[in-house]
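Working notes for the structure below.
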Amino acid sequence: MSTIPVFNPDEPNGGDSLTVDVNAQYAGLEYHYTYLVFCGFIVWLIIPGIGLLYGGLARRKSSLALLFQSLMVAAVTTFQWMFWGYSLAYSRTANKFIGDLANFGLKNVMAAPSPGSAVIPEIVFCLYQMLFCACTVQIVIGGSFERGRIVPSLVFSFVWATVVYCPIACWTWNSNGWLYQLPSLDFAGGGPVHISSGWSALAYAWVLGKRKHHGEKSHGKAHNTTLVFLGTVLIWFGWFGFNGGSALNASVRAMLAAFNTNTAAGCGILGWVLVDFIRTKGKFSVVGACSGAIAGLVGITPAAGYVSVWLAALIGFLTAVICASLQNVNQWLHIDEGMDVFKLHGIGGMCGSFFTGIFAQSWVSALDGASQYPGGIDGVGVQVGKQFAEITAISSYSFVVTCILLYALKYIPYMHLRVSEEAEMVGLDIDQFFDEQIGDWSMFESHHTLEGVKQSGSSSQRSVKVEAEIPDNKE
């Protein structure tokens, strides 16, 4: 049996590669980091998957903006993580709430055993966790759809990752964090990823205000179900790495987490479709089935490495039923959060964290050979209260700090968050991009016809007439 590597504070980077073989300490253990880096590769697919999902759910005239931002968010978050994000979340000298800058600019992040797992080189751990941050920021951006300007959203992404995601990741996953020491149980990101992004997207939508022309039939209807389906497929596939890799080793526990991921997603579909079938008196919805899969994935995220397969099925099913039953939550809150980020990720994440406290089983976590985390089902009912501590702390912190951040950005010159009413009417794609359009060019050409009429000095009545003739982007 191979010896587990030990972190040496005198060589925080894992050793001088010019004088020693830094790979030797992992001899016989290479399968662990090979597995994790593969999981990281497929987690990356979640980022464009979310872009396709959001692009399909939005109206066509603002769909391109969401595809574009999926790549831009990945780029901005990569820089933020390398700059100081990783250090703020995972530095070994962190306090209970946030890390320091010991690893600023990825200083000494290379071949040493990682703070998350001794069998994983720190550079692999850093890459894997960076993709979690990128996915989370991409989820949040859904709160700005169809009315948020792109440049401010990218500035927001950098700052939000710094002041919201990194502290919460430190609380939850850094061994010095207060939620880690409590402990709250969060296997793969129910709190840092889903609860935080759901509440932050709600804050984003609230600060921006409702879309203009609210009440149009096209509001709340997916313009391209194929994009929604494709995005969901990529997200589901990436989630195998998201949950399956969160054991940070290639143990049986990691394999069970991957199995639970698929189980919960499948049962989530069954739960959501059942609610839709009852609500519509016998009709089906592809978008509903996709929403059910995502609800199941969200619900199982904190529990994937703590519960058995049948409990995973129950968690996926119940989370989807709860989320599907809250169809009118945006109307109740009077907030135009049309991507359902809060419903799927905020509420779904809170459900998942709560169910983790109830259903966590010691024998499941012990499958990695080192951990034992019981929940209510094992007679440790206090764990439910600890999960509530995680839910309330992350929910309140995410919403309040996101609001403060957005209001601060709102009053910075040239950083206004929202597009003009005219830009919103014709769509973000024409307003924010040049010579590109999703689908046919009729919308683009009609807009330029309108501009030409306006510039020729035609009467305002003629301008209104041309505006009225712009074809509905949904058709």
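Our numbering is plain: 1 for the first residue shown, then up by one each step along the chain.
Each residue, glycine too, has its Cβ placed from N, Cα and C.
Taken from TrEMBL, the feature compositional bias 'Basic and acidic residues' applies to 464-475. The domain 'Ammonium transporter AmtB-like' annotation in TrEMBL covers 36-433. The region 'Disordered' annotation in TrEMBL covers 452-475. Annotation source TrEMBL lists transmembrane segment at 33-57, 64-84, 118-141, 153-175, 187-209, 221-242, 254-275, 284-304, 310-329, 341-364, 391-409.
Contact between the transmembrane segment (310-329) and the transmembrane segment (254-275) holds: at least three of their C-beta pairs are under 8 Å, each pair 6 or more apart in sequence. Remark: the transmembrane segment (284-304) makes no contact with the transmembrane segment (153-175), by the rule of 3 or more CB pairs under 8 A.
Counting only same-chain residues 6+ beyond the ends of the transmembrane segment (33-57), those with a CB under 8 A from a CB of the stretch are 26, 63-64, 66-71, 73-74, 119-121, 124-125, 127-128, 131-132, 134-135, 138-139, 141-142, 145, 222-235, 237-242, 244-245, 248-250, 254, 287, 290, 294, 338-339, 438.
Beyond the ends of the transmembrane segment (64-84), by six or more residues, the same chain brings 44, 47-48, 50-52, 54-55, 58, 101, 104-106, 126, 129-130, 133-134, 137-138, 141-142, 145, 150, 153-154, 157-158, 161-162, 428-429, 432-433, 436-438 to within a C-beta distance below 8 angstroms of the stretch. If you count C-beta pairs under 8 angstroms between the transmembrane segment (187-209) and each of 153-175, 221-242, 391-409, the highest count goes to 391-409. Long-range contacts of the transmembrane segment (391-409) within its own chain (CB-CB distance under 8 A, at least 6 residues past either end) are made by residues 140, 152, 155-156, 159-160, 163-164, 167-168, 171, 179, 191-192, 195-197, 199-200, 202-204, 206-208, 346, 350, 353-354, 415, 417. For the transmembrane segment (153-175), the neighbouring stretch richest in Cβ pairs under 8 Å, chosen from 118-141, 221-242, 341-364, is 118-141.
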